[in-house]
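Visitor: Take this structure first; my questions come after.
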């Protein structure tokens, strides 16, 4: 786009394509890789966990650095597309290093290639998200951008869930071969998706030419009250979502005694998430983004409030919970990201600068803190309650009750706090339209005749 026209469906689909292979890469990196290095390569499980912890520390440190650099450098090719294009080959190479290790690979191999993959991934994800936030200037248009991207993200997660079951039918046997197949798929799909997005979707005209220093940029974030409010709500809701994600397999295996149902239930969850997207877009148009998000969180609360009362064999009832929370997923993945693009305009109106990369970096950091916090909260409490994974459903009733509370009860309480923060959010369509008019008026005054 060379102006402020809304992107077409063709361009939105092209922009969203890299999200599919990136999502395919995510699940095995966090779920399959630790198990393979511990079991397949016979490395100490505690040492594998500590190594991956340091990988994630480096990943978190890289977020604000990449965000600031992505805002600062302004090549003629486009400051977002260039980052995505240049970082994609490094993601492919590093993914192969992590997913296809030699038999002699040790902890330093995992740390080196894992850190390389995390940093390269950040170098793609943050400029890619900033690119999407800048594709549309309108309140409703940003919903469309995030809907396309997040729908393909959920589709990628769904593919990642089903590939381990499908690959053996094509002769791919064993955990190591499956991981290598993931790397091969991403090595083809990610460059194709990136090339399509870069060639088909031009960046909007850049209106801000000055670059703030680190202190001024951080001061702008701190002064942006809607952003702070949204970030806190997003972090709390992210923790609420991270708890059931972390404990899902424990709950299904040990509370419901239904280990074989875990895969189909996850597929149901993500399919429902994709199916729910049009409904949340419709509700956001009829009300506002923040109210639609609140209704999504309320729907999840209603479903999760049933889960602690379920026990052995209640698979059908839990499938209904999974379906409803899956529908609510669409609101969680689309609306907060769209709202974040709106609150960046508050800073633009005040400073005259577009610091989208820095904002996206703190958003990514909040996402990672929420996931890390879920593990940091859940496992120590389970341990203190006497829960032992080796005992399975033979754990004492009090331990299984604690598992159920952490899986569903605590997320409800956290979501209620997030709803309280978001319900009266100050930016709706009318307020945002006034903000955009102020930005455009300031730019017209600054443009020489």
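In case you wondered, yes, glycine gets a Cβ from its N, Cα and C as well.
Because the structure is a prediction, the values reported are computed rather than measured.
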Visitor: For the transmembrane segment entry in TrEMBL, name the matching range from 12-30, 202-220.
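Guide: When 12-30, 202-220 are checked in TrEMBL, transmembrane segment belongs to 12-30.
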Visitor: Restricting to CB pairs under 8 Å, which listed stretch, 36-55, 151-171, 230-252, 404-427, is in contact most with the transmembrane segment (111-131)?
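Guide: The stretch with the most close Cβ contacts to the transmembrane segment (111-131) is 36-55.
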Visitor: Quick one: do the transmembrane segment (292-310) and the transmembrane segment (82-99) reach 3+ CB pairs under 8 Å, ignoring pairs fewer than 6 apart in sequence?
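Guide: The transmembrane segment (82-99) and the transmembrane segment (292-310): touching, no.
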Visitor: So which residues does the transmembrane segment (82-99) touch in its own chain, when a touch means Cβ under 8 Å and the partner is 6 or more beyond its ends?
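Guide: Residues packing against the transmembrane segment (82-99) from afar: 18, 25, 28-29, 33, 66, 70, 75, 109-110, 112-114, 116-117, 120-121, 123-124, 126-128, 131, 179-180, 182-183, 186-187, 190-191, 194-195, 197-198.
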Visitor: Check for me, if you would, whether the transmembrane segment (12-30) reaches the transmembrane segment (151-171) - at least 3 Cβ pairs under 8 Å, residues 6 or more apart in sequence.
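Guide: The transmembrane segment (151-171) and the transmembrane segment (12-30): touching, yes.
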Visitor: Return yes if the transmembrane segment (230-252) and the transmembrane segment (36-55) have at least 3 CB pairs under 8 Å (sequence gap of 6 or more), otherwise no.
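Guide: Since fewer than 3 Cβ pairs under 8 Å link them, the transmembrane segment (230-252) and the transmembrane segment (36-55) do not come into contact.
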Visitor: With Cβ distances under 8 Å as the criterion, find the stretch in 36-55, 151-171, 358-384, 404-427 that has the most pairs with the transmembrane segment (264-283).
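Guide: Stretch with the highest Cβ contact count: 151-171.
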